[in-house]
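If you look up TrEMBL, you'll see Cys260, His339, His435, His439, His468, Asn472 marked as active site. According to TrEMBL, the feature domain 'FAE' maps to 115-403. Marked as domain 'Beta-ketoacyl-[acyl-carrier-protein] synthase III C-terminal' by TrEMBL: 434-514. Residues annotated as transmembrane segment in TrEMBL: 56-78, 98-117, 250-270.
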Amino acid sequence: MAREEQALLSTEIVNRGVEPSGPDAGSPTFSVRVRRRLPDFLQSVNLKYVRLGYHYLISHGVYLATIPVIVLVCGAELGSLTRDELWDKVWGEATYDLATVLAFLAVLAFTISVYIMSRPRPVYLIDFACYKPADELKVSKAEFIDLARKSGKFDEDSLAFQSRLLAKSGIGDESYMPRCVFEPNANCATMKEGRAEASAAMFAALDELFDKCRVRPKDVGVLVVNCSLFNPTPSLSAMIVNHYKMRGNILSYNLGGMGCSAGVIAVDLARDMLQASGAGLAVVVSTEAVSFTWYPGKRRSMLIPNAFFRAGCAAVLLSNRRRDFHRAKYQLEHVVRTHKGADDRAFRSVYQEEDEQRIKGLSISRDLLEVGGHALKTNITTLGPLVLPFSEQLLFFAGVLFRHLFPSKASSAAAATPGDASAAYIPDFKRAFEHFCMHAASRDVLEHLQSNLGLRDADLEASRAALHRFGNTSSSSIWYELAYLEAKGRVRRGDRVWQLAFGSGFKCNSAVWRAVRRVRRPSRSPWLDCVDQYPARMDA
């Protein structure tokens, strides 16, 4: 166990200098910083999650197995007859037993009809819209610290800690913050400020979505809204129904406390409701109230969200009507959800609580990277059999099976040749997906994901660009990343997009979309005024 814990730690020498006084004056000094890093989660895979993925894959495998057998038997029987003999046999049966033939045809037609009607309809993404706040809400990193200092809510140590976080966060100088959080000696987490912030973001995104899709709010049958920390009464979904005067029988849901991965959960819920109710159109709204993540105290684990979370919102229109196929952009192929809440460390890795001065905030545990790594390992192990080519599945499953049957040999091989691909085969997810939308949590998390999944810089360009331009917008970040890919004109017909997000609980969720047509550069997008400056701007 000690060796496993040591493998999850990285060391760094900091604060080099010279002792200024005392008996050791003039001697060189330094400090060693010990950090937890994201575990190499593909080096140890639980076989049950591979089995779960294959269970999803072959849930309808009986049809694939029996249909070829039936065709083979019928073909062999019919092949033994000449054309004249076959015609005489069919005509003779129809002549002397017409009732049997008609009954057979009726049963066949009924069976085919039931099968077609019972199949779940595909769910299409018609379009989506991302909220772009007003320019007066832009805040640079230097301005962030200056406004925080003027607010009088932080001491110099807390300001210095937030400044260091911002410097290595990967966030640029044009992200957006509500100004209420910087008001001197004021409590920004009020219901009035929360409603104002949420309504501005949600209504702006929805106005654009309805206009782009030429859909009336009354046509929407399902509404799902997710916001983790701000949950007023009436709910945010009720605010939307009231604002747009939606119909009285709408199926509305409000998801709270589910973190940055709630956007995929909301899509999954909307899909299930469309299949169950046949409502036709569903709207998903993913947002977060930054004023309710703001912490004006001194505990460092609670100051982390201040530096990363920024204002954002996305609205998505889904449909299961077959006639919407021709105007849809994407079709939903898979949703894989992973929940690690049974583990106490995972449960408390992102935790809302009060500090010693009874100031409420969102605490980020030191175990977060390790917990996230295990959740990601489980999620991609389940997702792999659904999306990877057969050759990758075969190599991956062979490696997993070898480590499961011969754990001692696998461990010794991995120890003898660290970093050797033969020690543990890492699937090439670039062969399964053309585009990656990884939750833009921070620069460190994206770098660890790239390293462990074997991705190229180009694969995470959208995630890094979204983090740099808009910051961590919580559950809506994966939609800003997809908007970036569209603004670059990179999405072609048949391309598959992998959206992956993780959040409190601890949860890791994946959604896989396939483009049903070439997605042209949109006329409205939060990226249109700056997309040509990326990725160069991230290195500036």
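The chain as shown is numbered from 1 upward.
Every residue, even glycine, has its Cβ placed from backbone N, Cα and C.
Curation does not apply to TrEMBL; its annotations are automatic.
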Rounded inter-Cα distance in Å - Asn472 (active site), His439 (active site): 8
Same-chain residues at least 6 apart in sequence whose Cβ lies under 8 Å from His339 (active site): Gly505, Phe506, Lys507
Integer Å distance between the CA atoms belonging to His468 (active site) and His435 (active site): 19
Distance, Cys260 (active site) to His468 (active site) (CA atoms, angstrom): 17
Other CB atoms within 10 A, centred on His468 (active site): 23
The domain 'Beta-ketoacyl-[acyl-carrier-protein] synthase III C-terminal' (434-514): DSSP-derived helix, strand, coil residue counts: 39 helix, 21 strand, 21 coil
Nonlocal neighbours by CB distance (under 8 Å) for His439 (active site), same chain, sequence gap 6 or more: Cys260, Ser261, Val445, Ser463, Ser477, Ile478, Leu500, Ala501, Phe502
Fewest other C-beta atoms within 10 angstroms, as judged across Cys260, His435, Asn472, which are the active-site residues: His435
